[in-house]
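Going by Swiss-Prot, these are the annotated features:
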TRANSMEM  23-43  transmembrane segment
TRANSMEM  66-86  transmembrane segment
TRANSMEM  88-108  transmembrane segment
TRANSMEM  130-150  transmembrane segment
TRANSMEM  168-188  transmembrane segment
TRANSMEM  193-213  transmembrane segment
TRANSMEM  230-250  transmembrane segment
TRANSMEM  257-277  transmembrane segment
TRANSMEM  282-302  transmembrane segment
TRANSMEM  331-351  transmembrane segment
Amino acid sequence: MFYYIYEILNFNIFQYITVRAGIAFFIAFILTAYLMPKFIAWAKAKNAAQPIYELAPQTHQKKAKTPTMGGLVFVFTAVIATIICARLDNAFVLASLFCLVCFTLLGYKDDYSKILGAKNHAGLSPKAKLFFQFLIAFLLAAFLYISKELNTEFYLPFYKQPIFDMKIFAIFFWTLVIVAASNAVNLTDGLDGLAAVPSIFSLLTLGVFAYICGHAVFSSYLLLPKIAGVGESVVVASALIGSLMGFLWFNCHPAEVFMGDSGSLSVGAYIGFMGVATKNEILLIIIGLIFVVETLSVILQVGSFKIFKRRIFLMAPIHHHFEIKGWAENKIIVRFWIIALLANLIALTALKIR
């Protein structure tokens with residue numbers, strides 16, 4: 001809307017991505033802060049609380065009546081802010097909206113199965129969830145490939161030249177990145193605010209890369225790939241950051257609401273999408289370091305138990321390991337936030353080390 005005000009009335013300030021990103025941030029934040037208490041009241045009335053896994057640490061049992069599916073609210077507000085502030089004729093914006101909406105709906109279906117439906121903590125079967133994740137991600141990747149909006153060259157962090165051209169195999173690689181990121185954030189969402197803040201850091205870093213890659217002068221100076229149109233996705237990322245900060249107001253310890261799969265699956269998928277859109281698929285390992293560590297802890301735990309019949313951690317994901325060791329929840333959360341911040345600062349050095 002704001003961009004078209006610029007086109008119609010020649011109100012120049014609205015042509016700038018940074019201005020519209022800032023407006024999107026505040027719209028999403030204010031809307032989330034306004035709507036979330038109403039959603040919490042509704043969720044409590046409907047008993048839409050997160051079922052607690054019976055083997056979870058005992059400290060989690062007191063969270064049994066905490067409402068979930070907060071992701072429905074903050075993704076909704078991010079989408080509204082995007083529609084108001086972004087250019088809707090931009091392929092990356094349209095793909096972003098598709099990513100957020102579809103993964104949120106998938107997460108909602110999973111949450112519904114857990115809470116309002118079957119009343120079990122498992123929700124959708126792992127096979128069903130994974131199938132739909134791959135389907136949505138494949139459609140996203142295929143759109144990027146067919147539209148020619150994104151080249152298929154493979155880049156490594158801190159190296160300015162592409163390594164090789166993936167050609168049509170880029171579709172499958174991009175699909176895998178989006179699904180992996182979606183599940184990684186989902187696994188991390190186990191403590192109050194643990195997934196939200198690292199997600200904000202990741203989106204900030206990816207937003208910086210998107211803005212530079214979409215800018216002809218900056219991308220040339222910093223030796224980043226020039227990706228026409230990707231800068232507009234900064235508006236979407238900014239809207240999602242604003243909505244996540246509004247959500248964090250109610251999700252910080254002790255949480256009044258959880259994001260649920262409707263939030264974690266969509267936020268993770270969008271982080272993966274932004275990594276793909278900015279050619280930072282491998283750098284995502286550093287940008288989303290906390291998510292990677294959480295996921296690896298689960299993979300190692302399952303693999304070790306199946307092969308050696310022994311567990312590496314007291315419980316996986318790894319944040320539960322520290323809980324059982326006696327760390328206070330707040331201490332785990334803040335330390336993980338610090339690690340996430342440092343990892344993103346390191347990732348940003350890739351702007352100069354090329």
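Cβ coordinates are placed from backbone N, Cα and C, and glycine is handled just like the others.
Same-chain residues lying 6 or more positions outside the transmembrane segment (193-213) and placing a CB less than 8 Å from one of its CB atoms are 17-18, 21, 185, 219, 222, 224-227, 230-231, 233-234, 237-238, 240-241, 244-245, 247-248, 251-253, 255, 259, 264, 267-268, 270-271, 274-275, 277-280, 287-288, 290-291, 319, 332-333, 336-337, 340-341, 343-344, 347-348, 351. Within the same chain, the transmembrane segment (23-43) packs against the transmembrane segment (230-250): three or more Cβ pairs sit under 8 Å, each pair at least 6 residues apart. Between the transmembrane segment (88-108) and the stretches 130-150, 230-250, 257-277, 282-302, 331-351, Cβ pairs under 8 Å are most numerous for 257-277. Beyond the ends of the transmembrane segment (282-302), by six or more residues, the same chain brings 155-157, 177, 180-181, 183-185, 187-188, 198, 202, 205-206, 268, 271-272, 275, 311-313, 316-319, 321, 336, 339-340, 343-344, 346-347, 350 to within a C-beta distance below 8 angstroms of the stretch. Proximity of the transmembrane segment (168-188) to the transmembrane segment (257-277) is established through 3 or more Cβ-Cβ distances under 8 Å for residue pairs spaced 6 or more apart.
Two recorded stretches are said to be in contact when at least 3 C-beta pairs lie under 8 angstroms, sequence spacing 6 or more; the transmembrane segment (230-250) and the transmembrane segment (66-86) meet this definition.
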